[in-house]
Amino acid sequence: MAHSALSQVPVAFSVNNDVSLRKSVFKSTRVTFLEKSRTSSLSLDFRVASSQSRDRSVVCMSVQQASKPKVAVSPLSLEDAKEPPMHLFKNKEPYTGTIVSVERLVGQNAPGETCHIVIDHGGKVPYWEGQSYGIIPPGENPKKPGNPHNVRLYSIASTRYGDSFDGKTATLCVRRAVYYDPETGKEDPSKNGVCSNFLCDSKPGDKVQITGPSGKIMLLPEDNPNATHIMIATGTGVAPYRGYLRRMFMENVPTFKFGGLAWLFLGVANTDSLLYDDEFSKYLEDYPDNFRFDRALSREQKNRNGGKMYVQDKIEEYSDEVFKLLDNGAHIYFCGLKGMMPGIQETLKKVAEQRGESWEEKLSQLKKNKQWHVEVY
């Protein structure tokens with residue numbers, strides 16, 4: 001997910017057509033797929049699609065899947081810090097990381113392209129689940145000749161141990177932003193997302209400028225390992241939740257033994273647009289008492305009123321359960337396009353009123369109790 005935590009930092013759009021924003025001038029083109037990713041020495045199912053042709057759209061059919069027993073991680077010293085690492089590398093002195101792999105995550109019929117990008121930071125830019133990296137794309141800022149591009153912020157889609165479980169990589173989930181002129185319908189490359197296209201076009205071995213990490217809003221509270229976490233995402237907003245879920249269900253972390261409930265609501269356009277579905281489905285199979293997963297496919301499913309199924313409609317289906325869990329202290333997270341929030345807030349307000357409650361008072365209490373976590377862009 002791309003987002004901005006600071007108002008003065010330009011946003012790298014990861015646009016989705018599956019939320020309340022019914023129309024968008026952003027579409028996507030098919031792109032290159034790259035060499036095989038570096039394989040892990042661990043015995044995991046890690047099948048990576050690869051191709052050298054720019055004209056062929058290649059799909060990463062299966063990212064690493066969950067496995068029992070859980071995977072050993074290192075170095076466990078990453079658990080020692082009492083506070084999350086913040087701003088270790090500034091905009092003027094970024095860290096130079098290396099691209100490990102770039103894989104297409106979505107199918108042929110997805111409206112747009114989303115890539116799974118693994119970056120080697122050599123253990124020098126540690127982070128916690130729910131934080132973000134800043135990326136500075138190469139080249140100069142056209143609005144400030146002689147100066148580098150502005151930083152774009154991306155939520156990290158891996159745990160602090162990374163996809164190789166050794167604490168040396170971080171994963172980004174990036175939607176390629178391609179601009180089409182609404183009048184002519186033709187692509188205007190000059191308005192394409194600079195950073196998302198740089199990342200999606202990068203190849204193993206390419207260098208990337210990293211700042212951060214940053215962000216505390218989406219940190220996973222671990223004071224109660226039996227807590228309930230309700231996670232709501234549209235598109236690449238699923239990034240931080242992938243990190244949460246790997247920490248809960250895939251990794252053997254001695255200091256965090258999750259025994260609560262994780263409930264993920266994911267809104268995308270269609271089945272081909274689902275992200276990390278193999279991983280999430282495996283958690284459902286292995287941990288049915290601790291994980292729930294509900295998909296809202298706006299172009300394939302209908303809501304109870306016969307309209308398109310958006311993530312807020314899926315939440316409404318389970319509204320009684322969701323409200324009872326919140327009353328009992330559940331954390332609720334929202335990540336994705338800013339346009340998702342009005343529809344969700346409207347739905348929650350309607351449900352609250354049906355229950356004879358004031359949504360404004362309830363929301364105020366959730367925020368006061370630090371149960372309400374929002375990061376939209």
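Each Cβ is built from the backbone N, Cα and C atoms, and glycine gets one as well.
Copied over from TrEMBL, here are the features:
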type	residues	note
DOMAIN	92-220	domain 'FAD-binding FR-type'
BINDING	S155, R175, T236, S298, R299, K308, G336, L337, E375	NADP(+) binding site
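It is T236 that, of the binding-site residues S155, T236, has its Cβ surrounded by the most other Cβ atoms within 10 Å. Around the Cβ of R299 (NADP(+) binding site), a 10 Å sphere holds 16 further Cβ atoms from the protein chains shown.
In this view, the densest Cβ surroundings among the binding-site residues G336, E375 belong to G336, judged by other Cβ atoms lying within 10 Å.
For the domain 'FAD-binding FR-type' (92-220), the model's average pLDDT works out to 94.
Residues S155, R175, T236, S298, R299, K308, G336, L337, E375, recorded as binding NADP(+), reach a greatest CA to CA spacing of 28 Å.
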